[in-house]
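These notes concern the structure reproduced below.
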Amino acid sequence: MMTAESREATGLSPQAAQEKDGIVIVKVEEEDEEDHMWGQDASLQETPPPDPEVFRQRFRRFCYQNTFGPREALNRLKELCHQWLRPEVNTKEQILELLVLEQFLSILPKELQVWLQEYRPDSGEEAVTLLEDLELDLSGQQVPGQVHGPEMLARGVVPLDPVQESSSFDHHEAAQSHFKHSSRKPRLLSPRALPATHVPAPQHEGNPRDQAMASALLTADSQAMVKIEDMAVSLILEEWGCQNLARRNLNRDSRQMNLGTVFSQGSENRNGSESTSKAEVKGDSTSHGEIAGRFQKEFGEKREQQGRVIERQQKNPEEKTGKEKKAPGPPTAKEKKPTTGERGPREKGKGLGRSFSLSANFNNTPEEIPSGAKTHRCDECGKCFTRSSSLIRHKIIHTGEKPYECNECGKAFSLNSNLVLHQRIHTGEKPHECNECGKAFSHSSNLILHQRIHSGEKPYECNECGKAFSQSSDLTKHQRIHTGEKPYECSECGKAFNRNSYLILHRRIHTREKPYKCTKCGKAFTRSSTLTLHHRIHARERASEYSPASLDTFGAFLKSCV
């Protein structure tokens, strides 16, 4: 009943309710713009692979009960693992990186896992970089008596006063959901906190959202507490969740001030109210309203002090860095709202950042950006992506940039993984060996295709005629026979072909290129098949050199040897 009431009070959407129950919905994004496999036909790029996160979850959540036997279960697991790790595309190092990244994310605290899911790091190094930046942001605002970094989030409990309730932060719905549905239970009564039973219900009439927020924060349990940890983590998710990697460095200073203000106020309020909380427990006659009044007074003084510092910083921006390093008090924030209803600079416009109001009223929250929204748009073709890294990779298609160059032959590539695969041509490295015949390959994808010769596996079947193929590219080419599609058109004469290889051969008619040369007579040809036919002419000429008389003499010689 408490869950239903909490959802009703805060207007929690069904999607947020699913996130509360641990159900993670991952959208399949078509963001890989270039095929990682070396030597595949260009037609394979027409169907980019889905998000690996979908296949990873399928692999991890696979149950034995869904199969008819152990062999089928094992084969299904192999198939799911292959779809997730993609050994035909990824190298050994990349597969190892995926496994280490998954384990690394699993050992992180729940809040950091949720935070990192917004960025979907591709490697462990990228995840560590994000966490180190977060730790630097927090450690830069060190508070006496507390620790640095994420450990700062796990200290202390703050009391919930009526004044605090009426002057609560301007949380959006995602932050409300995090407060109510946190997987960890609130701590029990301590000398640093007041029980929920000591907090009277608000009597004032105001915005219905005010009352909904207040009722959501109060629980029936007399020992329930609102922890500074949940508040801090919500602020981190709010500040960081809607910003991409490119914007993070630009907003670091303002975030440090914003987060530092919250932590500093939480520490000072906790220390200031510690003695009064102990007095409540021991039966002191001090009323809860007096404590709330003192807290409100101290809180108002801090806000006035922050407003004066902001004005000085706006007049003298050069003094900002020095003041942040020297001032022992709570840091200031440009985006903090000094007065009721006034919005910070980042709230004007696109809604990519968030500022929090410390006023007595709840202000309207700017429009939220969904977590799966494709906010990064290509100016050339208009295609959108969820991550800036995917947009950068996509732009290589338009710019033709190939920053990775081979030191041996000078050939350039747009992706580093393709360069690694190419360099094996020069080194002769063939790390992938067949267990059946011992044949080795430089690419894992070639080994997988080779193993189908031994197994006779043809997993790709045509829906029209039922013909099966061992490679998906062969099926794609075959299906064009039924559809009549000819996507490859010659720019010279306009003739179209259903295969890229046919177009390459056709272009040699216009360029007069003849790369296949006979070693006997020096004659050149445009196709290798034509050169093979030409070799038969020389073979017949050699056979005609042996006359019947010479053959009889050679036969007599063999008989004499016997």
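Quick reminder: no glycine exception, Cβ is built from N, Cα and C everywhere.
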Request  = If Swiss-Prot is the reference, give me the range from 10-32, 516-538 marked as zinc finger.
outcome  = 516-538
Message = According to Swiss-Prot, region 'Disordered' applies to one of these ranges: 1-23, 70-92, 139-161, 392-414. Which one is it?
response = 1-23
Key: From 110-132, 202-224, 432-454, the residue range that Swiss-Prot assigns the feature zinc finger   = 432-454
Message = Spatial neighbours of Lys477 (SUMO2 cross-link) among the recorded sites Lys374, Lys411, Lys439, defined as Cα within 10 A: which are they?
response = none
Note = Once DSSP output is merged into helix, strand and coil, Lys477 (SUMO2 cross-link) belongs to helix
Ask   = What three-state secondary structure does DSSP assign to Lys374 (SUMO2 cross-link)?
value = coil
Task = Work out how many Å separate Lys439 (SUMO2 cross-link) and Lys374 (SUMO2 cross-link) at their Cα atoms, rounded off.
result = 45
Note = Lys374 (SUMO2 cross-link) to Lys411 (SUMO2 cross-link), Cα to Cα, whole Å, comes out at 34
Inquiry  = Within the same chain, where does the zinc finger (516-538) have neighbours whose Cβ lies under 8 angstroms from its own Cβ atoms, ignoring anything closer than 6 residues to its ends? I mean 6 or more beyond.
reply    = 505, 508-509
